[in-house]
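Encoded as structure tokens, the structure appears first; notes follow it.
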Amino acid sequence: MAEVLLSEEEKYYLVLGVAQDIRVDGRSRLDYRSGDVEVNTVTNSHGSVRIRLAETDVIVAAKVDLGVPKTETPNQGIIKFLVDCSPTASPDFEGRGGDQLAETICRILSSTYAKSSSINLKSLCIVPKEFCYIVDVDILVLQCGGNLLDVIAMGVKACLGTCEIPRASGTRYDLGKPVPVFSKDEFQFDYLDVSKAPVIVTLPRVGRYFVVDATLEEESCSKGKLAIGVAPDGSITSVDKLGKACYQVRSIAASVQMAAKVGVDVNKVLSDRINKLKLSKLHSAKPWPPKPEEGMDVE
Amino acid sequence: MSNDSDSQMEVGQSDEFERLKGQTKSESLFPKPPLVNPKTNKRQDGRSPKDVRPIYVQTGVRDGAKGSAYVEMGTTKVLCIVSGPKDLPKKMDLSSTGIISVDVQLVGGKMSEKDVILIKECMEAVVILEKFPKCLLEIFLTIMEDGGSSIAASICAAGLALVDSGVPIYDTPVGSTLLYDGKDFYLDPSKSELDSVDLTDSEKNDSGGGIVTMGYLPTREQICLFTMEGKMDAEVLASAMDSLTNVNLKVFAVIRHHSMELMKEFKETKSKVNK
């Protein structure tokens with residue numbers, strides 16, 4: 001994890017501030033910093049998002065591919081995650097330095113998305129056992145300014161929500177094998193339903209209190225943190241303890257409830273933003289108008 | 001020309017080849033049995049939902065190692081060997097605290113990297129790393145049979161091996177797993193039970209469902225490992241944590257009994273040597 005070195009006095013100052021509910025940048029314990037989401041930053045992907053929260057800067061891009069479903073889940077599509085911690089984000093990520101962090105983030109993302117009911121993976125299946133969509137989600141960390149996991153989770157949700165998945169209009173049989181038929185209009189696409197998809201709320205413990213959206217300095221005051229996935233209806237989709245801290249049962253229970261409360265608000269803001277982004281995409285990003293159907297059917 | 005209608009996948013026949021008419025919906029070849037037999041209210045292996053599988057622990061199973069332990073939880077069998085603390089290899093960076101490396105071998109498979117990181121972070125929270133700076137402590141885990149709840153069994157085995165090796169630890173860690181199917185908790189689930197729940201099915205899983213694994217330090221009453229997958233309400237999760245704590249105390253009773261016996265043996269041999 002990217003870390004900054006702080007002296008004992010600086011840590012003491014931060015911890016005391018958190019105890020009085022005034023953090024160094026003037027926020028209270030449950031406040032987020034301001035951020036922004038841009039869409040279509042990577043033009044050769046099916047959906048991409050650049051998300052910034054204060055100094056943290058992440059690009060998420062999704063690529064949709066045709067593939068074969070896994071044998072255990074023959075009627076489900078596949079979502080894969082790949083996190084790349086660029087050395088520009090932090091000198092700690094040089095060489096293989098960011099590998100463990102990237103692995104941890106991948107694990108949390110795939111347990112919240114690929115192993116839970118938050119996204120209907122059946123909608124990514126075209127022909128059971130034969131064809132499904134494989135969505136490769138690539139995450140590039142450009143700058144790490146604290147609270148990386150939350151920002152990545154928000155970016156993934158926005159990216160999947162604005163990702164254009166080509167519409168398979170049916171199947172035909174070629175030599176006894178089913179083949180998906182795609183619509184001739186290349187602009188026909190579907191959006192994935194992310195109305196149940198979770199965001200992650202990371203709660204590092206600074207002193208005796210949990211805080212949301214910690215800066216790098218605050219993260220270096222805490223030994224460990226809890227990453228809690230929260231669905232829009234307030235239910236918990238994943239809990240992970242990161243770092244070498246120990247917690248009491250009641251403090252985990254309290255932080256889960258706190259995260260559920262915060263997570264619902266974050267989800268609401270993000271969903272509004274995703275809907276706006278979808279609308280803006282419809283009005284811009286069309287280089288030429290869709291061709292009329294009847295002109296294409298000449299054989 | 002292809003049929004370009006928006007209808008759902010239609011199963012048709014090609015002109016040249018006859019396609020076998022059969023099930024068009026994919027279904028598993030082996031139907032998954034229900035978690036609980038509704039007549040007897042017992043699980044597949046005859047336990048009731050709140051029962052834990054029998055546990056067997058043994059320490060000092062390997063003579064050459066500094067510390068070793070063998071743990072069975074039902075059919076899950078884990079062997080753990082601890083070596084060190086020893087000097088850091090030259091290629092590793094210097095560290096003011098001790099460094100732990102965890103290596104997990106799953107017989108007939110490979111444990112996913114994520115679970116190894118989980119166990120490693122748990123062990124870092126358990127061992128008093130400040131006591132041996134600039135040293136490396138190696139923990140080798142061999143899961144000889146994975147019958148479900150292998151992370152929990154690995155933690156127990158690693159904790160016992162650390163006790164056996166005499167490395168300073170805060171407390172003996174114990175672990176347990178819980179399965180939630182939307183209605184009930186099933187403690188210490190077996191492999192077949194874990195496989196039979198499909199967490200990705202969004203239509204069935206409106207009421208939730210999930211797998212929770214918790215590592216616990218009983219005398220300090222702290223949680224050293226926690227991971228949850230699936231979907232749960234905050235209140236359900238809190239009650240799941242309570243029942244996991246109870247299970248962990250049961251597991252700890254077994255481990256404590258074993259450690260007490262060890263202590264007794266140790267004292268006896270010591271007095272003999274002194275005479």
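Keep in mind that glycine also has a Cβ here, set from the backbone N, Cα and C atoms.
Confidence annotation: the domain 'Exoribonuclease phosphorolytic' (A:32-166) carries a mean pLDDT of 85 in the model. The domain 'Exoribonuclease phosphorolytic' annotation in TrEMBL covers A:32-166 (among others).
What TrEMBL lists as domain 'Exoribonuclease phosphorolytic' is A:198-252 (among others).
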### Query
What is the number of residues in the domain 'Exoribonuclease phosphorolytic' (A:32-166) that are helix, strand and coil, as DSSP sees it?
37 helix, 51 strand, 47 coil
#### Entry: Counts of helix, strand and coil residues, the domain 'Exoribonuclease phosphorolytic' (A:198-252), according to DSSP
9 helix, 27 strand, 19 coil
